[in-house]
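Engineer: What follows is a structure written as structure tokens; I'll ask about it next.
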Amino acid sequence: MSNLLFKAAAPARALAKSHNFSRGPKLQQCLRKGARLHTASFRSRAERPNPRKEHNARASQRTFHATNTLLQKDPYNALGVDKSATAAEIKKAYYGLAKKFHPDTNKDPTAKDKFGEIQTAYEILSDPKKREQYDQFGDASFDPNAAGGNPFAGAAGGNPFAGFGAQGGFGGGFGGGFNFEDLFSAFGGRRSNPFQQEILVGDNIESHVSISFMEAAKGTSKTITITPVESCNTCSGSGLKSGAQRSQCHSCEGTGTRVHYAQGGFQMASTCGSCGGTGSTIPKSSECRTCSGQGVVRNKKTITVDIPAGIEDGMRLRIDGAGDAPITGRSTSPDARAQRGDLYVFVRVATDPKFSREGSNILYTANIPLTTAILGGQVTIPTLDGTVNLKVATGTNTGDKVTLPGMGMQRLGSRRAGSGDLKVEFRVKMPKSLSASQRTILEMLADEMDDKSARRVMNVSSPDPKDPDSHKDEGFLKSMWHNLTHHPAHEKDASGTSGSTGESTSDDKGKKENKSASD
């Protein structure tokens, strides 16, 4: 019986043939090279016909199509966590559910499927990249057919072999951690696309700065100290000491890939973990003494950050290329291009004793006296650019507001240019204690305004117009007030005094005349 030869690249070649990929000479060359490198042979039994032989032969010619039914369930719901859950919360939920639904301890027929859902959900949410991908695209991010009719538009953005890793239909059969993308990219001797230059991107770093309210309003510059990872000046980022060279990786013998034997005799390749797929490493004796072969060192430096006017508390500023440099030594290809990460500066704005803020508008509370609120007047209020005089309308109450347009914070990130408004809210200051004179005046005002509910303690009730003597015991202030307001009791008293004075004068004159006649 002839040998039945399975090649690791056979499904990919079938896919290329079915979709007419074979027109690309580079892809043909890549597949031919991979087919020669990674093969495994099987010998069928001659004494017994295998009823599944024909079925297996057809299966070996199938194109890649991974449909994972477990991905149809929301991984957050599967683990019972929110989308804002931390890595620790996700891990805790996974361990609890895995212990509960493990098939060895839970004899429920549905426990096995539930356990598979939990494992699949944890594989997605425990990986930051997979979690971000799911949050952005949902289940479509792990569906190799989600791109429609374009065979190259896979979940990885143009790679026809993307999406068949651990989360695909073939991942579980090879230990759950094998990535088919590593297999085909390994044919080019690199971990990334063999037809593209590898780009190494450094990590982003963070820093904090605190400013005052007025600095946020006007804009300012602050000096901060950071400790980013930078390229080693001694070796220029190569990780090699002067005159030294990289050597062939002993783990993969320079191929950049490691061969894994799966169940059933399949032979699969993945990226070498020792050299990162480059096929070469830096020997200990050839390492740069400054960076120990990493190609980068951590330095302390001081930079100046320009903070724009109108920035709010909690905002962050991004400074491109001011973050960490990527590690360019050891397991990195010497042809890779390095790109530094970014610096994020978180800004904290202190509170102000006078102003508060609502977006681009600022609020100010003006305390005015009771008399100013009743009679009206003018008060001086502070602004971001000095002070201004503001008119107070007669009868102003607590809570009344006046808006001064264009005197607020500068708008950031808005289509409307310019500044916000200054909103002034009035608060009437009520006296907590009164002198005798002040209380007398207020009680008289209550009388004039016919306020029956006001409490009176100064005995300054209005005199009875019918009682001419009811006003004689009133004080000086009340008497003056009644004279100014022409109270009826005062007018009657004045006329009565004038009449009695005239009669007395007439009687005296008559007595004088009688006395003269008798003489």
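Backbone N, Cα and C define each Cβ position, glycine as well.
According to TrEMBL, the protein carries these features:
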- 41-61: region 'Disordered' (REGION)
- 44-57: compositional bias 'Basic and acidic residues' (COMPBIAS)
- 74-138: domain 'J' (DOMAIN)
- 219-300: zinc finger (ZN_FING)
- 219-300: domain 'CR-type' (DOMAIN)
- 458-519: region 'Disordered' (REGION)
- 464-476: compositional bias 'Basic and acidic residues' (COMPBIAS)
- 495-504: compositional bias 'Low complexity' (COMPBIAS)
- 506-519: compositional bias 'Basic and acidic residues' (COMPBIAS)
Engineer: If you run through the zinc finger (219-300) with DSSP, how many residues end up as helix, strand and coil?
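Structural biologist: In the zinc finger (219-300), the DSSP-based counts are 3 helix, 29 strand, 50 coil.
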Engineer: What mean pLDDT score does the domain 'J' (74-138) have in the model?
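Structural biologist: It averages 85.
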Engineer: May I have the DSSP-based helix, strand and coil counts for the residues of the domain 'J' (74-138)?
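Structural biologist: The counts are 46 helix, 0 strand, 19 coil.
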